[in-house]
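Copied over from Swiss-Prot:
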type     : residues             : note
ACT_SITE : GLU44                : active site
BINDING  : HIS41, HIS45, GLU112 : Zn(2+) binding site
Amino acid sequence: MIVLPNKVRIFINDRMKKDIYLGISNFGFENDIDEILGIAHLLEHLLISFDSTNFLANASTSRSYMSFWCKSINSATESDAIRTLVSWFFSNGKLKDNFSLSSIRFHIKELENEYYFRNEVFHCMDILTFLSGGDLYNGGRIDMIDNLNIVRDMLVNRMQRISGSNIVIFVKRLGPGTLDFFKQTFGSLPSCPEIIPSSIPVSTNGKIVMTPAPFYTVMVRINPTLDNILGILYLYETYHLIDYETIGNQLYLTVSFIDETEYESFLRGEAILQISQCQSINMNYSDDYMMNIYLNFPWLSHDLYDYITRINDDSKSILISLTNEIYTSIINRDIIVIYPNFSKAMCNTRDTQQHQIVVLDATNDGLIKKPYRSIPLMKRLTSNEIFIRYGDASLMDMITLSLSKQDISLKRNAEGIRVKHSFSADDIQAIMESDSFLKYSRSKPAAMYQYIFLSFFASGNSIDDILTNRDSTLEFSKRTKSKILFGRNTRYDITAKSSFVCGIVRGKSLDKTSLVEMMWDLKKKGLIYSMEFTNLLSKNTFYLFTFTIYTDEVYDYLNNNKLFSAKCLVVSTKGDVENFSSLKKDVVIRF
């Protein structure tokens with residue numbers, strides 16, 4: 001670890017795929033509490049800008065921090081990627097503090113699309129921020145557009161809070177001149193912020209929150225000490241369904257259960273977690289997980305790998321101490337419980353955006369202060385990989401699981417999805433068959449639309465057949481190479497329970513690079529949040545899908561795009577009753 005005079009921390013991470021990865025601690029949307037919710041997220045969208053033909057890049061805003069990364073592709077170099085990312089924050093050697101009203105307006109529209117996307121596909125319920133005075137969704141809404149000048153002032157104010165002690169940089173290689181470049185830019189920031197925000201309200205403990213969730217989860221407040229962090233790292237590397245959350249200076253260990261009986265036993269204090277010592281902890285974490293640790297605990301003064309001997313040699317005492325602290329918090333009701341609830345009628349609390357939620361007190365009724373049993377945990381295995389065809393009945397459940405677990409990755413092709421995970425076959429089956437997970441998987445049908453229409457365009461099945469079997473979609477043979485004949489009609493209007501545009505497009509020079517560039521152009525116009533595309537077996541032919549509240553504008557953009565020599569697009573209007581009758585008439589897809 002290299003520490004600049006103003007406390008910027010720089011790490012060389014030659015294993016990561018990114019060229020540069022930068023994080024800013026104490027800079028997430030928890031800072032929006034008592035201000036305009038969404039300022040942090042809007043700032044992230046305003047800062048990131050790049051040439052998608054030369055770079056891959058992304059940014060994210062979480063409760064506690066913001067992060068950005070950039071990777072060079074094609075003719076660009078690692079140095080180009082580093083300079084591109086730095087340019088998001090500095091202009092002519094000075095920290096950016098000026099944002100045009102037109103750009104702010106476009107990105108607010110994009111935020112509304114992101115809100116729509118996330119609430120169609122996920123249940124975006126941030127319980128900790130809600131209990132601390134924020135909302136269940138804190139990413140920004142369209143009504144920010146009514147206060148553009150105030151929003152712009154807040155953005156400038158937020159930039160002035162960035163300080164060297166907040167900055168963490170991962171760089172793949174520290175090339176000639178790179179360190180000096182960092183010193184001239186991020187190294188020029190004050191070691192403490194020019195503007196110090198008010199303290200973040202403390203979340204209310206001793207609560208049971210009933211909300212849509214795939215698992216029964218108990219968030220146990222523990223002290224944010226080095227030993228407890230090492231204990232969390234030990235548990236995370238060894239077991240599934242264990243993680244941590246932070247808000248302000250508070251630290252929670254999160255433990256999820258698929259069995260309600262085990263959850264109740266843990267909550268009543270009659271059972272403790274069955275934690276066994278493994279052979280060794282390797283700290284072989286992803287760069288995302290490592291970055292999150294440094295950002296959530298900015299007081300860490302060493303490289304995490306400096307603690308690898310301690311976490312292995314002292315694991316027994318670390319885990320005993322952590323287990324005792326967990327049990328003490330359970331008994332003292334220093335917890336927040338998430339109980340899966342899918343009833344739309346049941347409601348006693350609303351946030352300002354009208355999301356329904358039930359909040360109850362976690363009482364001491366039935367507490368047993370001497371545990372007499374232990375609960376086994378799901379152990380991580382070495383990485384497994386499976387391939388699921390679009391016709392497999394487990395497709396949607398696996399997609400739902402990947403959306404709820406960050407350590408499961410999906411890759412799509414014309415025939416199905418490739419899934420990488422570290423669960424045992426028995427554990428996967430237990431999750432898939434659990435009552436709460438099944439209800440959660442079915443509670444957000446919007447995710448299925450992407451695969452319903454992919455199956456329609458990539459197979460010989462009629463829309464009626466697919467809708468009749470929508471819980472599995474229908475299998476098609478990989479040996480059948482489709483020949484798609486585009487008819488005269490380029491637009492088919494339907495009614496579904498979500499608003500989206502999808503379809504197939506073909507073009508002589510059409511490739512993934514041009515589609516990525518197209519997606520970013522649509523994002524800059526505020527018309528979409530993201531666009532998924534899948535390369536079909538037919539030459540130069542892709543399937544596109546995007547959730548959007550601006551369906552007509554997106555259709556016009558795609559319909560008038562010169563890269564497409566042929567197209568067949570479906571435009572969905574949101575409604576209570578589905579109507580796909582237009583797809584039964586003259587859509588021409590031959591095999």
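Every residue, even glycine, has its Cβ placed from backbone N, Cα and C.
DSSP assigns HIS45 (Zn(2+) binding site) to a helix in the three-state reduction. Between the CA atoms of GLU112 (Zn(2+) binding site) and the residue listed as 'active site' there is a gap of 14 Å, rounded to the nearest whole number. Sequence-distant contacts of HIS45 (Zn(2+) binding site), defined by Cβ-Cβ distance under 8 angstroms and a gap of at least six in the same chain, are ALA59, HIS107, GLU110, LEU111. Under the DSSP three-state reduction, GLU112 (Zn(2+) binding site) is assigned to helix. Neighbour counts of Cβ atoms within 10 Å were taken for the recorded positions GLU44, GLU112; the minimum is at GLU112.
Other than the site residues HIS41, HIS45, GLU112, same-chain residues with C-beta atoms no more than 8 angstroms from the centre of those residues' C-beta atoms, the Zn(2+) site, are GLY38, LEU42, GLU44, HIS107, ILE108, GLU110, LEU111, GLU114, TYR115, GLY139, GLY140. Annotation for HIS41 (Zn(2+) binding site): spatial neighbours PHE29, THR61, LEU111, GLU114, ASN138, GLY139, GLY140, criterion Cβ-Cβ under 8 Å with sequence separation of six or more.
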